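> Dropping the structure in here first, questions after.
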Amino acid sequence: MSDKNSDINISETSLINKATSSSNNLTERIHTSTTNDYINEKLGSVEEVSSFDYVQEAAKTGRFRRWADSFKRAEKSTEAEDGESGSIYNGNESTELKKAMKSRHVVMMSLGTGIGTGLLVANAKGLAISGPAPLVIGYGLVSFITYFMIQAAGELGVTYASLPGNFNVYFGTLVSRPFGFATVWLASVQWLTVIPLELITCAITIKYWTEKVNGDIFVLIIYVFLLFIHIFGVKAYGEAEFLFNTCKILMIAGFIILSIVINVGGAGNDGYIGGSYWNNPGAFASDNAASRFKSICYILVTGYFSYGGTELFVLSVNEQENPRKSTPQAAKHSIYRILVIYLLTMILIGFNVPHDSDQLMGSAGSSAHASPYVLAASLHGVKVVPHFINAVILIALISVANSSLYAAPRMMVSLAQQGFAPKFLTYVDREGRPLLGIAVCAVFGVIGFAASSDKEEDVFTWLAAIAGLSELFTWSAFFLSHIRFRQAMKVQGKNIKECGYLSVTGIWGSIIGLCFNILVFIAQFWVALSPIGNDGKCDAQAFFQSYLAFPIWLAFYFGCMFYYKDYTLLNPLESIDLDDHRRIYDPEELKKEDLATKAELKRRGFHAQLVAFFC
């Protein structure tokens, strides 16, 4: 009997020990998801509450705490991707930005990002003072340069996909420190000014519907909405841009169809239009050859402004899941963007909107100025559709402001990492948000509340003066960096086939692009000094409204040179560190991968090959 009792006692003791062990494990798990302070302060000992209530409360607290902790500074990682370590400027510091950008985001961004003020609104002024022919010629020339830039940027972007600071670091490393400092600071200023520029343009666009409501009310709504998106990080930005750009692409497609129908007399009140506006009021707004050439020069900078933002797909490389796949796709799809979204729509606007319309921005007539895309329908009596177009234009403007709120903080982070800006701007939280950079952008965005002023178009002109010409500097820096990269690879005896993506246009595309940009700088100086319609007279205000970015760049360049006592014009090719954060691909493996892809496409048939070729 005693033996049985002994066995029972042993069994009970065993069960108690197991229960105690389970309880301890449960308590240990709970302690790992919360803090001891929280347990002692809020819940007391574990025995005083039920396990279910405690775990439920801890889970709630965990979610809140994770959200609150996400705003804390991200921990530094000493190991870069692919086993690489080291940053060009900061030793072993690597990027804290999140890889939440998917290929579909990047592809849609390559098609739609940048379709905003320059293309949809500012072209009204170009059409008014130049005419349709300069518009088409100017955009045609800039389109070639845009494709060259995308190829050069794509090669560098995939090669240095994990580089902290992204393309902002190329310029200082491959060219010189003062050049990189001046170019990146100017680009940062550009994107800072784009935020209020787009907000003001939104208010101008809304005036198509009503002028009774104060424009600052709409600015405030859009301003808060944009900040709300970026509080949720890069994933929210990517999804928002995917939606915005989808709307823009669909609007452009609808506009093309509608414009053709209107022009041939299938809609509207004017019957067949054809090319009548190219005869009356004419293809050019000027009468003499010099003025016509000057009008083409004027459109060139407008074209760069319109294509602004095309380079942002490279800025997002650090946050792409597969840059070697998404970057070539984005480069390929940019061809359609150039041919259809820009060139074709410019031609159609020239056919359907007379350059002497008093509703165009830059004209001296109507107080309410509309986008030429809206006028292409409304001038011919088409109802309802212009309102849809204007609504999508508003979405497009919000999209560009959203892109600028993405680009500017990341450029400031890069500048701070390189030691070119206050160190507090390096703050990136655990969700990859450059919070303090976003705060600086929010302060600059307050300029957008000038929308209620009667000088809103003057403010628009001054802000656009910085944004337009600064694209020339950024793209020229891409071309020069790509040329120097290829030259350094050759001088140092490195295999160019180790790059994951090679520019289709090669080094010669970058040389042609750089030379063309230099000519545009010269042409724009002439146009700025002696504006169109000023009878050859010089105008100081007009000069700075067109050429403001140039003296700003010079101030940054020489300021950096004298402050850091670095008078280097070009870094020696043999001393450029090409391997720091460079992804080195095995040429043989790349060749096998390409052959395998071709074999798979061939197996899937002609349809798959056709889709792969065009998409």
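If you go along the chain as it appears here, the first residue is 1 and each next one adds 1.
Any Cβ shown, glycine's included, is placed from N, Cα and C.
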> Pick from 106-124, 182-200, 410-428: which range has transmembrane segment per TrEMBL?
106-124
> Counting a contact as 3 or more Cβ pairs under 8 Å, with residues at least 6 apart in sequence, do the transmembrane segment (547-564) and the transmembrane segment (459-480) touch?
yes
> Can you work out which residues elsewhere in the same chain, 6+ from the ends of the transmembrane segment (501-527), have a Cβ less than 8 Å from its Cβ atoms?
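Same-chain contacts beyond the ends: 141, 145, 147-149, 151-152, 154-155, 157-159, 294, 297-298, 300-301, 304, 324, 327-328, 331, 469, 472, 475-476, 478-480, 482-483, 486, 546-547, 550.
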> Please give the sequence-distant neighbours of the transmembrane segment (435-453): residues at least 6 beyond its ends with Cβ less than 8 Å from one of its Cβ atoms.
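For the transmembrane segment (435-453), the far contacts come to 71, 192-193, 195-200, 202-204, 214-216, 218-220, 223, 226-227, 230, 404-405, 408-410, 412-413, 424-425, 427-429, 459, 463.
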> Can you name the far-off residues of the same chain, 6+ from the ends of the transmembrane segment (136-158), with a Cβ under 8 Å from a Cβ of it?
126, 130, 166-167, 170, 296, 298-300, 302-304, 306-307, 310-311, 313-314, 317, 323-324, 327-328, 330-331, 334-335, 338-339, 342-343, 346-347, 350, 475, 478-479, 481-482, 485, 499-505, 509-510, 512-513, 516-517, 583
> For the transmembrane segment (335-353), what are the same-chain contacts with Cβ under 8 Å, counting residues 6+ beyond its ends?
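For the transmembrane segment (335-353), the sequence-distant neighbours (Cβ-Cβ under 8 Å, at least 6 residues beyond its ends) are 110-112, 115, 119, 123, 127, 131-133, 135-136, 139-140, 143, 146-147, 249, 252, 255-256, 259-260, 262-263, 273-275, 277-278, 283, 306-307, 360, 372-373, 375-376, 379-380.
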> Short question: which residues 6 or more past the ends of the transmembrane segment (388-408) have a Cβ under 8 Å from it?
112-117, 120-121, 188, 191-192, 194-195, 198-199, 201-202, 205-206, 208-209, 222, 225-227, 229-230, 234, 237, 240-241, 244-245, 247-248, 250-251, 254-255, 309, 312, 315, 370-371, 373-374, 377, 437-438, 440-441, 445
